[in-house]
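The next block holds one structure in the form of C-alpha cells; read it before the comments.
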Amino acid sequence: MTTLDQISTLTQPRHPDDWTEIDSAAVDTIRVLATDAVQKAGNGHPGTAMSLAPLAYTLFQRTLRHDPNDTAWLGRDRFVLSAGHSSLTLYIQLYLGGFGLELSDIESLRTWGSTTPGHPEFRHTKGVEITTGPLGQGLASAVGMAMASRYERGLFDPDAEPGASPFDHYIYVIASDGDIEEGVTSEASSLAAVQQLGNLIVFYDHNQISIEGDTKITLCEDTAARYRAYGWHVQEVEGGENVVGIEEAIANAKAATDRPSFISLRTIIGYPAPTLINTGKAHGAALGEDEVAATKRILGFDPDKTFAVREDVITHTRGLIARGKEAHERWQLEFEAWAQREPERKALLDRLLAQQLPDGWDADLPNWEPRSKELATRAASGAVLSAIGPKLPELWGGSADLAGSNNTTIKDVDSFGPPSISTDEYTAHWYGRTLHFGVREHAMGAILSGIVLHGPTRAYGGTFLQFSDYMRPSVRLASLMDIDTIYVWTHDSVGLGEDGPTHQPIEHLAALRAIPRLSVVRPADANETAYAWRTILARGANSGPVGLILTRQSVPVLEGTNTEGVARGGYVLGDGGSSEAKEPDVILIATGSEVQLAVAAQKLLADKDIIVRVVSMPCVEWFESQPYEYRDSVLPPSVSARVAVEAGVAQCWHKLVGDTGKIVSIEHYGESADYQTLFREYGFTPEAVVAAAEQVLDN
C-alpha cells in the first residue's frame with residue numbers, strides 16, 4: 001500500500017517555466033469536471049481522469065500535432081485512450097480544445113443519445129480515433145497504427161529523411177494497469193519491439209489501483225523491466241503532477257527512433273479527493289456529494305457550483321484551435337511540395353483517400369474451368385492475392401505463423417520489418433508488404449484494426465478458423481466500429497483432418513455469424529473464392545469486417561458459380577430440371593465444401609424424378625441484406641421442403657429452412673483421422689443429403 005508520505009511526494013507539482021496559473025487552473029478544472037460528470041451520471045470512472053489531468057492536458061495542449069477543425073487531417077498525431085473506462089480523460093480534452101464537444105456534452109455523460117458514452121466510440125464522437133473499453137485493445141491497435149504509418153510512408157515518401165516527411169507523425173497511447181495485465185498487450189508489445197516502431201509512445205498510468213483495490217494482489221512484476229526485456233525504450237516518471245518529467249520523457253522518446261517508447265508514470269488515483277484518494281472506490285464509482293464538495297474546496301472551487309469553467313480557462317484552452325490551424329497550414333506547405341515532387345505517388349494517395357480501386361484491378365483474377373483439377377479454397381485465395389497484389393499496393397497482410405497453410409503471402413514481395421530481422425526464408429524491408437504476426441492471433445486482430453483505422457490501406461490476417469476464438473474480442477470491436485478488416489480463416493471444418501478435435505472448428509461459423517456486422521464468407525470452390533475477394537475489395541467503405549472461411553482439403557471446381565451471386569451472398573447454383581413453370585420440390589442450401597455434396601445429391605434425387613434446387617450460400621449476411629424480391633426468387637416461400645448442409649453446428653440455419661426443414665450438420669467434436677473418413681462417418685455424404693431431402697418431402 002502506498003504510504004501517506006509517498007502520496008505527498010508523488011503529488012508534488014513540477015511545472016516548466018512557461019507554465020502559467022491558467023494552465024494550473026485548467027488542470028484543476030479537468031478534475032472538477034470529472035467528479036461532477038460522474039456524480040451526475042451516478043456511475044463512471046472519475047479517479048483516473050483526475051490523476052491524469054496534467055498528462056492529458058500536456059498531451060492535448062502542448063504536445064500533439066492536431067487540428068480541432070479537421071480531425072481527419074492526414075498529418076495529425078494519433079491519440080489512443082487504451083484505458084477507455086477513463087473516457088472523461090479524453091472527452092474533457094475534446095471539450096477544452098474545441099473539437100466539437102461542449103460543456104453540455106460533459107454533463108450528459110453516459111446518457112441516452114449523448115456524444116459522451118461510457119467508453120469512447122469511433123465515429124460517435126468527433127476526435128475519437130478508436131473505440132476502446134475492452135482493456136488492452138487500444139494499445140494493441142496502436143501498434144497497428146504505428147505499423148500503418150510506416151507502411152504508408154513507404155508507399156508515398158520512402159526516400160525522405162527521418163522526420164522530414166509530411167507522412168511522419170506519432171502514435172500516443174495512455175494505458176492502465178488493466179491494459180498491462182491483458183494478454184493482448186503482451187503479444188502486441190512484443191511484436192512492436194521486433195518492428196522497432198519508433199513512432200509509438202505509450203504512457204503507462206501506473207497507479208497500482210483497480211476495481212478490487214491495490215493491484216499488489218494481482219500484479220507484482222516489474223512492468224518497466226518487462227518492457228525493457230521486450231526491447232522498448234523505457235523511462236519512469238515519478239508523480240502525475242510532474243509535468244517537467246512528462247515533457248522530458250516525451251522528448252527522449254522522440255529521440256529514440258529505433259524502438260517504441262514506454263513511459264511508466266507513477267500516479268495517485270483520485271488525487272486530490274481527501275478520503276477516497278488511492279482507493280478502488282475512486283476507480284469505478286461516483287465519489288459522493290460530500291467527497292466532491294471537499295475536493296472542490298481543496299482546489300479552490302465553489303462546492304455549491306457544478307460544471308464550473310472559468311471564462312479565461314476556456315478561452316485559453318480553445319487557443320488550440322488557432323495553434324492547430326497554424327500547424328496544419330505549415331504541414332500543408334510541406335505536403336504540397338511533396339505532391340509537386342511525387343505526382344504519381346500523389347495520384348495513388350488521391351485514389352486511396354477516395355477509396356477507389358484502379359481500372360482493371362481485377363482483370364487478372366484467376367479463373368478455373370469446371371471439372372478441372374480439384375483445388376483447396378485456401379490455395380485459390382493465395383492465387384488471387386498474388387494476381388491482384390501488383391495492382392493494389394494498398395493491400396498487405398500476413399499470418400499468425402501459418403503463412404504456408406493459410407496461403408496469405410503475396411508472391412515476390414518483401415516482409416515488413418527492419419532488415420535486421422531477415423531470415424533465410426524471408427527478406428525484411430522497412431516498407432515490405434508481408435506481415436509476420438507470430439503466434440499472436442489476438443494481437444493480430446487488434447493490429448489489423450489499427451492499420452485500417454489509421455488509413456488508407458487495406459490489411460488482412462490469417463490463421464486457422466479454430467483460432468478465431470483467440471481473436472474474437474478484436475473481431476467484435478472491429479464490427480462495432482464498422483471498419484473494413486479482412487480475416488482469412490482456413491482449415492474450416494472437420495475437413496482439417498488428422499490434427500484432430502483441438503483444431504477442428506465445430507461451433508465457429510455459428511459463433512462468428514452471431515457477431516453483428518461481421519460478414520462470414522465461405523466460398524464453395526476456387527471460382528467462388530476469387531469472386532469473394534472481388535466482392536470484399538469492391539464493397540463500399542465502412543461495410544464492416546469480413547471473415548473469409550477456406551478449406552484445407554481440395555474441392556471440385558463447380559459449374560454455374562457466378563460473381564453476382566456471390567456478391568449477393570446466395571444464389572441458385574442449379575435447378576435440376578425445374579423451370580419457371582415448375583417450382584422445385586426441395587431446395588438444398590449449402591456453403592463451402594458441402595456445396596459439392598448438394599450438387600451430387602441433386603443428381604441422385606433427379607434419378608427419382610425429384611426436382612431439386614441447389615442454392616450456394618457463401619455469405620448469409622450478404623444474402624439477408626438483399627431485397628425481399630431477390631431472396632424470395634432464390635428461396636421461394638412456397639417451397640417449404642428445404643435442407644441446409646454445413647460442416648458445423650446447425651444453430652444459424654433454422655431460420656432459412658423453417659420448422660419443416662432439415663439440417664445436415666455436426667453437433668459434436670471431431671476425431672483425428674483423414675477428412676474422407678470423418679466426412680463419411682459424420683454423415684457428410686451425398687447419400688445423407690438425399691436421405692434428409694426425402695425426409696422433408698415425406699413430412
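Glycine is treated like the rest: Cβ placed from N, Cα and C.
Database features (Swiss-Prot):
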- H45, H283, R378, S405, H491, D499, R552: substrate binding site (BINDING)
- H45: site 'Important for catalytic activity' (SITE)
- T48, H85, G133, P134, L135, G178, N207, H283, F467: thiamine diphosphate binding site (BINDING)
- D177, N207, I209: Mg(2+) binding site (BINDING)
- H283: site 'Important for catalytic activity' (SITE)
- E441: active site, proton donor (ACT_SITE)
Just to verify a number: CA distance, H45 (substrate binding site) to G133 (thiamine diphosphate binding site), in angstrom, no decimals.
12
Please find, for H45, H283, R378, S405, H491, D499, R552 as listed binding substrate, the greatest distance between any two Cα atoms, in Å.
48
Under 8 Å Cβ to Cβ from N207 (thiamine diphosphate binding site), same chain, six or more residues apart: give me those in sequence order, or none if nothing qualifies.
G47, T48, S51, S176, D177, R266, T267, I268, I269, N278
Can you name every residue in this chain, apart from D177, N207, I209, with its Cβ inside 8 Å of the center of the Cβ atoms of the recorded Mg(2+) site?
T48, S176, D205, H206, Q208, S210, T215, T267, I269, H283
Are any of G133, L135, I209, E441, F467 (the recorded positions) within 10 Å of D499 (substrate binding site) when you go C-alpha to C-alpha, and if so which?
none
Lowest local Cβ density among T48, S405, which the record lists as binding-site residues, within 10 Å:
S405
Give the helix, strand or coil assignment DSSP yields for H45 (substrate binding site).
coil
Where S405 (substrate binding site) sits in the secondary structure, as DSSP reduces it to three classes:
helix
Near H491 (substrate binding site), which residues of its chain come within a Cβ-Cβ distance under 8 Å, counting only those 6 or more away in sequence?
R378, S405, F464, L465, Q466, H503, P505, L550, T551, R552
